[in-house]
Every structure is written in C-alpha cells, then in structure tokens.
Amino acid sequence: MDQTVKVGAVQAEPVWLDLEGSVDKTISLIEKAAADGVQVLGFPEVWIPGYPWQMWTSLVINNGGWIHEYMANSMRRDSPQMKRIQQAIKKAERTIWGEGQAESLKVVVDSKFGKVGALNCWEHLQLLLRYNEYAQGVQIHIASWLAEFEMLDPEKIAWLYHETGEASYRASQFMAIEGATFVAVASQVLTEKNLERNGLTGNPVTKTPGGGFSMIFGPDGKPLAEPIGDGEEGIITVVVNLRDIDKPKAFIDVVGHYARPDLLSLKVNEKVAKHVIVD
C-alpha cells in the first residue's frame, strides 16, 4: 500500500539571540508549511537562538562577551516557549553545548507519517550514529545544518573543503544512499544586516546573503526538488511515497541483508551516566 508524505525543509535566517522572536518565526513557518499541506517539517541546526558562527572566527577568550546573551535566549525543552511550539504543531561544540546522554541515541520516532529521525551538523560524519539510526528503521531523516559557505580563496585564508555547504550537502546525500532513507536537508541563512549582531563584521569566511544549501533527497540519493538560492528563505517541499524505499533497500540494506553482524556489530550503551551516584 502506498504511503505518501509531504516533506518540507526550512531554509531561513534565525532571529538571532532573540528567544521570543525565534519562537514567533518558528510558529509562523510551521503555520505556513501546514497551510501548504506539509506533514513532516525539518528546521536548521541550532535554529533557536541561531548558530554561533563567531566561535569559529574569534578567539575563544572573546566568546565571553556574547555567551550570557546566548544562554539567556536558548530554549529549555520544558519551557513555555517550547510549549508554544508544541501547540503550534498540534494545531496545524563543547564550549557552547554539553554532550548528550544515552536517551538521545533514540533518534527515530514512529509517527503516522512514518519513522522520522534527525541528526545535527557533523553528527552526519559519525558513522556509528548513522548506523544506529538506520537500525531504528528511519524512513524520513531530517538533516539539520548551520549556514555554510563556498570554498574560500586559499591565498586569503586557510580553509578546509569539509567546512563548506557543498561538502555538507554531499554528506547528507550520502546518508540517503547509505541508509536508503528520504533525507530533508534544512540549513540556516545569514544576511548582511545581522553580521554585526553575530560579531562577524569584516570576517573573511561568511558570504552574505548566503549559507543555505537545503534539499530533499530520495532513498537512492537523487535530489527531488529544485534548490533555492543560498541566500533565500523558503520551505522546500516534496510529496514522497515511503514505498519508494523498498527498491533501493532491496539492493543495499546496511542493517539487513547487506550486513554481517556475526563479524561486525555496534554496541549501544543506553545507560545514562550521572555525575553523582548515591548508593
């Protein structure tokens, strides 16, 4: 039986360091997508309160100037702001973030639109994380990314290709091929007016407007939508049929017939590590 799902990938600029404004924009995008019939919608990495690009372009010692504001505008998962987002849905690195615990390895949820999973940024380069998600039967994967830019002139600054939007686009595409899953790539955008707000004025890395590379891939890695400009905001949408997973998975199923668990297997520790244990 066919099961069609309309998938959407957000490409937009965050409301930088503004929790309430971020929630307002999130709800607006949810409502816009819902009006267009989108059933599974992906947002960029660290959408709230925006990816702190300045941590890559300034000295670590200088990060203290904005870290208080960043923390104050970050969203707790049990906060009133999160409840607002949940209602809207119902209705229609280490210096910055801590490490996740064992429960965060359960990245796939079983929904009426299929099994939906998600990873952020270079989690897509962690092959064991990818394999763990495939083993959970993911059918629609949300690949959330920051704004990333084109390869820089090596005579101006030393930069690595794996730091570009093109490389992250390819990494997401490879996950679709490897996992035989639909992949919705959602990426941020950065505009000129927000360079100063983010402490990025005069830096040689960012291009404004730019940073976006959103796309939706099929389970064989084929791009399924027309891309939008890297500096444009929008929601890329595609109606997908989950049955289309069957054919590529018949050729390669890395956690099924194309695996050798008798020789190679992944051990997952689901026990939460606590800082203090009282016997």
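Using the three backbone atoms N, Cα and C, a Cβ is placed for every residue, glycine included.
A TrEMBL annotation is a machine prediction, not a hand-curated record.
Residues within less than 8 Å, Cβ to Cβ, of GLU45 (active site, proton acceptor) and separated from it by at least 6 positions along the same chain comprise TYR51, ASN120, CYS121, SER144, TRP145, LEU146, ALA186, SER187, GLN188. If you look up TrEMBL, you'll see GLU45 marked as active site, proton acceptor.
When averaged over the domain 'CN hydrolase' (5-242), pLDDT in the model lands at 93. Among the features that TrEMBL reports, domain 'CN hydrolase' is placed at 5-242.
Mapped onto three states, the DSSP output places GLU45 (active site, proton acceptor) in coil.
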